[in-house]
Amino acid sequence: MARSLYEWLWQHEFWLPPGITWEDMQESEDTHYPQPRDLLLSIPFALILVVIRCAFERAIALPLSTKLGVRDKQRPKAQPNPVLETFYSTRRKNPEEGELLSLAKQCDLPVRKVEKWFRRRRNMDRPSLSKKFSEACWRFTFYIISFFTGLAVLYDKPWLWDHRECWTGYPQQPLQPSLFWYYMLELSFYWSLVFTLPFDVKRKDFKEQIVHHAATIFLISFSYCANYIRIGTLVMVIHDASDCFLEPTKIFNYMKWKKTCDSLFMIFSAVFLISRLVIYPYTVLYNTYYYSMEIFQPFFGYYFVNALLIILQLLHIFWSCLIIHMVYKFILQGTMEKDMRSDTEESDKDEERDKMREKEKNGITYFSNVTSNGYIQRNGSEPLNSRVHLANGHTKER
């Protein structure tokens, strides 16, 4: 059954242009074509990247964060409570009003204290500033290496300068070793992001990130199997260009270097919008949709790869809207708004209200004591006594 499914899935009618079969893609001593089995190497490479990342964050990023003055905020810890902890870990992290009342009765606590416990417990699970800094350092290091690796690999390739060259001789385009290792580097990195997704900093666009990673892995894998290597390398270089500016923007934001952060954010915004909304549609979408038709007729693989590329473009538009909104706020306010995707830390508002009430209460008590003793202070004038002395030596109440 598995063999039948495999044979059906890899029919040449699906993945190769009309008139080309898998027999035409057979390797020889001098000619090597991409093989689907090669993609299995990306899994152990991804695990190696995870190990390298852990070592990098512990040995380099964390000590660097300390030297650069990145300090984790001291968070008040939630007091041990088995009932609330069980509900938190098995049910939900943000209980509704009825559940809060039920939990308060079970624990014999006021509802406000139960709310405070859940706020503090949620804050305990939120990543620290040093963790965010370490993650940004790792991604920045990888994107810099990947971007310049891509430029070095593609600099002397004709399709970087003439996009029609992406289809010259397709699909019988031999695989060069440099392109193979560049593909393995990128695919392994995105697999490593999937492996560490449960442990990475979760942002508000978490679902979009999952879709992005899945679409990227499918796109890289499919482009490799169907020998869309040339168009795939262009996609990867374009994506890495803006990411090289995003991660240092986060790093300087965590360091509280506001001016540097704002400047890098504006550079990142310009690079992102130009690369994702201008260069990507022309270099990739227009290329795959129109230029490829000069070589072969449409087939399933043609529609499939274009569908994946359009999914990426829709995600580009989604993130571009967020960036444009942040740029708009920056122009109006003169400073960069916090990352709209970030999960903000909750404050103990009830504690703050209690402190304010206590201050107000103390102020009222003080005011009552003052007025009861017959003293009223106005506009910095001297206190007025409640009795006045008459000329005959007698006193009279005011």
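Even glycines carry a Cβ here, placed using N, Cα and C.
Taken from TrEMBL, the feature transmembrane segment covers 39-56, 136-155, 180-199, 264-283, 303-328. Sequence annotations record features per position, and here TrEMBL assigns domain 'Homeobox' to 84-128. Summarising the annotation, TrEMBL assigns DNA-binding region to 86-129. Summarising the annotation, TrEMBL assigns domain 'TLC' to 131-332. According to TrEMBL, the feature compositional bias 'Basic and acidic residues' maps to 341-362. As annotated by TrEMBL, region 'Disordered' applies to 341-398.
Sequence-distant neighbours of the transmembrane segment (303-328) (same chain, 6+ residues past either end, Cβ-Cβ under 8 Å): 205, 208, 211-212, 215-216, 218-219, 222-223, 226, 228, 231, 235, 265-266, 269, 272-273, 276-277, 280-281, 284-285, 288-289, 336-337, 340-341. Mean per-residue pLDDT, taken over the domain 'TLC' (131-332), amounts to 88. Against the transmembrane segment (180-199), stretch 39-56 has more CB pairs under 8 A than any other of 39-56, 136-155, 264-283. Within the chain, the transmembrane segment (264-283) has long-range Cβ neighbours (under 8 A, six or more residues past its boundaries) at 163, 234-235, 238-239, 241-242, 245-246, 248-249, 252, 312-313, 316-317, 319-320, 323-324, 326-327, 330, 336. Taken through DSSP, the DNA-binding region (86-129) splits into 32 helix, 0 strand, 12 coil.
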